[in-house]
Amino acid sequence: MLLWLAQYFQDELGPLRVFNFITFRAVFATLTALVIGLVTGPAVIRMLTRLKVGQAVRTDGPQTHLIKSGTPTMGGVLILVSIGISTLLWTDLSNRFIWVVLIVTLGFGAVGWVDDYRKVVYKDPKGMASREKYMWQSIIGLFAAIYLAFSVSAPSNSQFLDLFIAWVQSGFSMDLPPKADLIVPFFKTISYPLGVWGFIALTYFVIVGTSNAVNLTDGLDGLAIMPTVMVGTALGLFAYLTGSANYSKYLFIPHIPGAGELIIFCGAMAGAGLAFLWFNAHPAQVFMGDVGALALGGALGTIAVIVRQEVVLFIMGGIFVVETLSVMLQVAYFKYTKMRTGIGKRILLMAPLHHHFEQKGWKETQVVVRFWIITMMLVLFGLSTLKLR
């Protein structure tokens, strides 16, 4: 919105031309979201406390967590409000990628809000039924996947529609341009054509999978939010480079016109995340809840698809991946052993993985900081794929 105003008055006020620089707006989007979060955070926490939206803690979990019972949850609302206001203020509102990321973020946030509401009202840690949750996530994820399959390949909305019509007229068998291929990191000439159906399937699993992975990771004070900030910031850099014709050509990455504007959203997400961490650091004054975790994960997945860095997201978000795999393996092994022997056995002391380390004697803060360090290393490794080709 501010960009439009600046462009309208820039002939009379020359210094307003600085708003045309994406990097300038990204910095101030970060600061704006940070300030909004820090200023409104105490009021939001007081409101959540007054509404008695306290977190119901698992009784079969680490005993040290029982003291957290009653801590306000649904703090992800603070993150989403900060991101939304900052993004709308500083971004180019005509950019189609900004809107699809916002819609996915708010859509997954709405699913998480309903889940949190049921947990709070019914005092049930399980919240929304898994089948119902996945249904709504799938609807949003498929919407984004179908749109991005053609939007990533088209420089404008009008060409997006032409591409979609051509696909329908081809009997749903048309291939997509090379820029929609799956990129293999470290190899500048190797990529895999996905086709429309392959692109839709991959995008769906990346968005929905990342959303749930971040949600599973959000089990300790500050554990999920800092890796989200680090991965989101790195994706912002990828977005900036992908949106630049010169940088993308030099680095042998696809040039996606308009993708650079996503650095504004990533900056806002980083600022909002740091503001939330101020209140979520141990001992947490507020929890993110599903409303925040599902939304942030969905945003990360969507941005990674747009900038064609799905594999790099898998690398940088390694903590999210391992946490998810720990749950899947734990459940699968328990069911398998129960079917074979009648007694279910576990691979880990407790899943997700962060609880396993707690049960082994690690303090909560040790688990959190060590996972942060691992994420920082993985993010740097992911960024190295830009040049090591």
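Any Cβ shown, glycine's included, is placed from N, Cα and C.
Taken from Swiss-Prot, the feature transmembrane segment covers 21-41 (among others), and the record attributes it to sequence analysis. Taking Cβ pairs closer than 8 Å, the transmembrane segment (21-41) reaches residues 2-3, 78-79, 81-83, 85-87, 89-91, 236, 240, 243, 260-261, 263-272, 274-276, 278-279, 286 in its own chain, all 6 or more past its ends.
Swiss-Prot lists 70-90 (among others) with the feature transmembrane segment, giving sequence analysis as the kind of evidence.
Same-chain residues lying 6 or more positions outside the transmembrane segment (97-117) and placing a CB less than 8 Å from one of its CB atoms are 53, 73-74, 76-77, 80, 83-84, 87, 91, 127-128, 133, 136-137, 140-141, 143-144, 147-148, 151, 207, 211, 215, 258-259, 261-262, 264-265, 289-299, 302-303, 306. Here Swiss-Prot flags 97-117 (among others) as transmembrane segment, drawing on sequence analysis.
The feature transmembrane segment is assigned by Swiss-Prot to 134-154 (among others), with sequence analysis given as support.
Look at Swiss-Prot and you will find 189-209 (among others) tagged as transmembrane segment, backed by sequence analysis. Distant neighbours of the transmembrane segment (189-209): 104, 134, 137-138, 140-142, 144-146, 148-150, 167, 172, 174-176, 178, 180-183, 252, 298, 301-302, 304-305, 310, 313, 324; these residues of the same chain sit at least 6 beyond its ends, with a Cβ under 8 Å from one of its Cβ atoms.
Counting only same-chain residues 6+ beyond the ends of the transmembrane segment (222-242), those with a CB under 8 A from a CB of the stretch are 22-23, 26, 214-215, 248, 251, 253-256, 259-263, 265-267, 269-270, 273-274, 276-277, 280-282, 284, 288, 293, 296-297, 299-300, 303-304, 306-309, 312-313, 316-317, 319-320, 354, 367-368, 371-372, 375-376, 379, 382-383, 386. The feature transmembrane segment is assigned by Swiss-Prot to 222-242 (among others).
Within its own chain, the transmembrane segment (259-279) is flanked in space by residues 22-23, 25-27, 29-38, 41-42, 45, 75-76, 78-80, 82-83, 86-87, 90-92, 95, 97-98, 101-102, 222, 225-226, 228-229, 232-233, 235-237, 239-240, 242-244, 285-286, 288, 292, 296, 299, 303, 306-307, which lie at least six positions past its ends and keep a Cβ under 8 Å from the stretch. Taken from Swiss-Prot, the feature transmembrane segment covers 259-279 (among others).
Cβ atoms under 8 Å from those of the transmembrane segment (286-306) belong to residues 41, 44-45, 48, 55, 71-80, 97, 100-101, 104-109, 111-113, 115-116, 127, 137, 140-141, 144-145, 148, 152, 202-203, 206-215, 217-218, 224-225, 228, 231-232, 235, 239, 242, 256, 259, 262, 265-266, 269, 273, 276, 279-280, 312-313, 317, 320 of the same chain, restricted to positions at least 6 beyond its ends. According to Swiss-Prot, the transmembrane segment annotation covers 286-306 (among others).
The transmembrane segment annotation in Swiss-Prot covers 311-331 (among others).
The transmembrane segment annotation in Swiss-Prot covers 366-386 (among others), and the record cites sequence analysis as its basis. If you look at the transmembrane segment (366-386), the same-chain residues 6 or more away from its ends with a CB under 8 A from one of its CBs are 185-186, 220-223, 226-227, 230-231, 233-234, 237-238, 241, 251, 253, 282, 312-313, 315-319, 354, 357-358.
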